[in-house]
Amino acid sequence: MYLTLLKSKLHRACVTHIELEYEGSCAIDSVLLSTAGIQEYEQIHIYNLTNGERFVTYAIRAEDNSGIISVNGAAAHKACPGDRLIICTYAVFERSEMDSFKPLLIYLDDRNFITHTGNAIPVQVA
């Protein structure tokens, strides 16, 4: 049996730009891509915490240490500068691989710099 699991997450990324006329995609600071293990052109799922929009696109590189998160093309209608996003990637695993796998969780500040990382989401309590 195969299961799709969270591979990586950029938590609370802040949109810095929207570029409607750009050729689709989401440009992400190259340091963030590398730290999260996201490949250029890899499919990403974006969850907009500000307005509730959810959409799928692909990642492209933005300048190192720029803090850029630019939502481009048609997806630019789904975000505004200042919106907070969760950007996720997923991977398919065999059940035998699941126990040893841990996702890369990258937590960001208001300027899209890394505050801390992790590999487990805390248990939600009442």
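Heads up, residue numbers simply count up from 1 along the chain you see.
Glycine is treated like the rest: Cβ placed from N, Cα and C.
Here the structure is a predicted model, which means the values were calculated and not measured.
Sequence annotations record features per position, and here Swiss-Prot assigns pyruvic acid (Ser) to SER25. Neighbour density for SER25 (pyruvic acid (Ser)): within 10 A of its CB lie 19 other CB atoms from the protein chains shown.
The DSSP secondary structure for SER25 (pyruvic acid (Ser)) is strand. Feature annotation from Swiss-Prot assigns active site, schiff-base intermediate with substrate to SER25.
Residues annotated as substrate binding site in Swiss-Prot, with sequence analysis given as evidence: THR57, GLY73, ALA74, ALA75. The DSSP secondary structure for GLY73 (substrate binding site) is helix. Under a cutoff of 8 A between CB atoms, and with a sequence separation of 6+ in the same chain, the neighbours of GLY73 (substrate binding site) are GLU19, LEU20, TYR22, GLU23, GLY24, SER25, THR57.
Under the three-state DSSP scheme, TYR58 (active site, proton donor) falls in the strand class. What Swiss-Prot records for TYR58 is active site, proton donor.
ALA74 (substrate binding site) is 12 Å away from TYR58 (active site, proton donor) when you measure Cα to Cα.
Long-range C-beta contacts of ALA75 (substrate binding site), restricted to its own chain and to partners at least six residues apart, with a cutoff below 8 Å, comprise GLY24, SER25, CYS26, ILE46, PHE55, THR57.
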